[in-house]
Structure formats: structure tokens, C-alpha cells
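Novice: Provided herewith is a single structure, encoded as C-alpha cells, for subsequent inquiry.
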Amino acid sequence: MTASVDTKTVEGQINDLKIDSTESSTTIPNNGKQESDNEDDEVDESSTTQLSSTGDKKKKKKKNNKKKKKKIVSIDSSYPDGVFPEGQWMEYPLEINSYRTTSEEKRYLDRQENNKWEDFRKGAEIHRRVRHKAQSSIKPGMSMIEIADLIEDSVRNYAAADHTLKAGIGFPTGLSLNHVAAHYTPNTGDKLVLNKDDIMKVDIGVHVNGRICDSAFTMTFNEEGKYDKIMEAVREATYTGIKEAGIDVRLNDIGEAIQEVMESYEMEENGKILPIKCIKNLNGHNIGDYVIHSGKTVPIVANGDMTKMEEGETFAIETFGSTGNGYVLPEGECSHYAMNTGVEHLKAPSERSKQLLQNIKDNFGTLPWCRRYLERAGEEKYLFALNQLVRHGIVEEYPPIVDKRGSYTAQYEHTILLHPHKKEVVTKGDDY
């Protein structure tokens, strides 16, 4: 999902992370199995008149001039051997890890986890294709419901799983606008529409066998480049966090490096200079099987946390920048939920909430979900029972989190795998 929330409160390899379309190993088409760039390609088959070889006019057969939609097919059909594109490889930053690159023992250990890595790579390839479709299709005037359906239906079609727990959506699609930093997805009946001057964070989760790829980007439609600087600040801060991350690296050191880059930027609006701040109570996080926030948090400011990253862990490195207070609070109608872990001893307080809980377990397990997904799973008139589960600590709610009104926020995020010998930015693409 998006960042964990803490309510208590370069050249070099950074350049390597920037996309060179001639060198990227994770561009959307792979192994010559490219799909159309636009699954909604328009086919122009209107009637035309041509001359025959004798000069007589011949009328071409008139065909139906309708837009034809190309059906999205399972990602497996493009990779029948089950081997998916690798992400971007990077060496670990600390001197003590230099031996890992050439260690045969470390490479052997890495091969033992190959099924795990392939699950992540499959999810990442789905993610790249889905966001490619989103980036080419989303336009001002679309409703949030339309945008969410576009993204989520694409994930489901590419995953082509016979059960939500085998593969598919990793968490509700985040579509947070302007001062809303994270955890907004539309509930049924939401009338919110994307406007030309909005800045939208698009946070997409894809899982395969519970291995979650968590990656986010920011979209704008302002033709004057109003948001260019805040987007650049957050993108570069995320790249810095990825560069600094690695085995035995202290979490505080990553946050300190991110903050230095992020807060060196500012943007201008109507002649006024707006400093760009890290949203200090939002963090990256490690990812477990079927668990999006698995214990460790990766700060985006210096916070004194001396905890180290460890071999074999998976992290979502994400940063948020804001022109506001640089601090978020919950506000608005909740849409995001997840079952709490370690609460198996707690019992649902009513027969209806017991039925709802069983449906949640069957369809989502410990993966996050939203109200629209419950309705897709057949639930009706469930809000009272859902609120009971929340009050009893069985289900956790994640309402939208916002900075002050009138401010702007941006987000970029990638999932990284800490292999024994190198780190892999598995969700890297030719877009960001």
C-alpha cells in the first residue's frame, strides 16, 4: 500500500536510476512479445475510393469505422517459460558488502530463492504494463471510479488468477489528489472527478502468491509545468533512498540522505516561492508475504533509528514531498482496510460481523482491501458489521491522510529486493 504512518512524533548511482530508454532492461515490451501500446487502438477502416490499373474507379468495401478494443491477456502468455524480466541491479553501498558481488556462495543462496524472485518479477511486469496503460489513458474529466476501474481491471486481466489470493491486486489503488497524500480510493457512489490542475498520486499494488510489488508515481496535467519541481524533488529523493538502501545500512542514514535531497528544492506559484518539505510522518516499509507493512519503517527524514536492513528483505522505498506543513493527519471517509495480524484469538462480536470476517479471510487474507472489493465479493449492507470489526481491533481502518488544504503533495515509490549479492529495483521501468 502506501507509506506507513508514524503519528508519534549524487550523481553516481542516482543517475543510473534515471531512465535511458536505449539501455533500460525493464521496458514494457520484452523478448519480442510486445503488445500494442494502447489496448484501445482505433482502427480507421472508412470507405475509400482507389484507381484500378486501368484507371477505372474501384470502391473499396466499406467497413465499420468503430474503435476496436484489444483484450488484455494473461501476462503468462508473453512468458510461457515462467521467466520474467529482471529489475535494475545495483551494488550495495557499504564497503563491507563489496565481496557479495563476486561471492559464489552468495549467488548460490540467491538461486535457492528463485521462485520467490520470479513471483516478484511477474508482479513487477504486470505493474509496468498496467501503469503504462494508466499513463496513456487517464485524462482530466474522468471520475475517480473510472480511473480505479481502469487500473484494477487491468491488474486482474494480466494476473488472470482463479482466486484473489493467488495473484492480482495487492492493495486498493491510491488516487490521492492535491493536499491528500495517501490512502484515498473512491467508494461506490463517489462523484469526485479529476481536474486539469490536480496533482494525483497513483499508488498501485500487484501481488503474485502474496509477494507484493508496491510502486507509485505522480501525474499532472498542468501545461505550464507548475508541478515540475515538486515532482523532480520527490523522484530524486526516492532515487537517493534506493541508492542508499542495502544490507547492514541503518534506516536513519537513508532518511537523512532523502531529506537532504528533498528539501534542497522549492517550487514557485504566482510569484511566491514554496519550500518543498518531506512529509516526516510518512515512511517506506518492508514487505512480507501477504503483508504490506511488515514491521520496519524507512524514514524520509533523519530520525535516529539505528535498525539495519538485512539480507533477503524486501522494502518499499517511497518518499512524499509537500508544500504544506510536512505532516499529515487522517481526514475524510475511509475506504482502505486490512485485517490485523496476531488477533486470531479475537472473536467477531455478532453473527453478521462473523460472516463478513469469513468473507474477508477467504478473499483477502491479510492483504489490504477497500469497500468496492467487498461489494465485488458479494457483500451488501455490511457497514455496521465492518465498523464492529474495526472497533474490536480485528480490522484496521486506514482513512485518507492529508496535509493542510491548499498545499500540494507528490509521491514516488519502488520495491527493492535485497538479494545476497546485489539489490534489485524490481519495479523499475522506462517511465520512472
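Using N, Cα and C of the backbone, Cβ positions are placed for all residues, glycine too.
Pulled these from Swiss-Prot:
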| type | residues | note |
| --- | --- | --- |
| COMPBIAS | 1-12 | compositional bias 'Polar residues' |
| REGION | 1-72 | region 'Disordered' |
| COMPBIAS | 22-33 | compositional bias 'Polar residues' |
| COMPBIAS | 57-72 | compositional bias 'Basic residues' |
| BINDING | His183, His293 | substrate binding site |
| BINDING | Asp203, Asp214, Glu413 | divalent metal cation 1 binding site |
| BINDING | Asp214, His285, Glu318, Glu413 | divalent metal cation 2 binding site |
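Quick one: where do these features end up spatially?
Specialist: In three-state terms derived from DSSP, Asp203 (divalent metal cation 1 binding site) belongs to an extended strand segment.
Classification of Glu413 (divalent metal cation 1 binding site) by DSSP places it within a strand.
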Novice: What three-state secondary structure does DSSP assign to Asp214 (divalent metal cation 1 binding site)?
Specialist: strand
Novice: Taking each of His183, His285, His293 in turn, which of these binding-site residues have a Cα lying within 10 angstroms of the Cα of Asp203 (divalent metal cation 1 binding site)?
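Specialist: For Asp203 (divalent metal cation 1 binding site), the binding-site residues whose Cα atoms are within 10 Å come to His183.
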Novice: Report, in whole Å, the straight Cα-to-Cα distance of Glu413 (divalent metal cation 1 binding site) from His293 (substrate binding site).
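Specialist: Checking the Cα atoms of His293 (substrate binding site) and Glu413 (divalent metal cation 1 binding site) gives a distance of 14 Å.
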Novice: For the binding-site residues listed here, His183, His293, which shows the highest count of neighbouring CB atoms within 10 A?
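Specialist: That would be His183, with the most Cβ atoms nearby.
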Novice: Glu318 (divalent metal cation 2 binding site) to Glu413 (divalent metal cation 1 binding site): how many Å between their Cα atoms?
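Specialist: Glu413 (divalent metal cation 1 binding site) has its Cα 4 Å from the Cα of Glu318 (divalent metal cation 2 binding site).
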Novice: Just to verify a number: CA distance, His183 (substrate binding site) to Glu413 (divalent metal cation 1 binding site), in angstrom, no decimals.
Specialist: 14
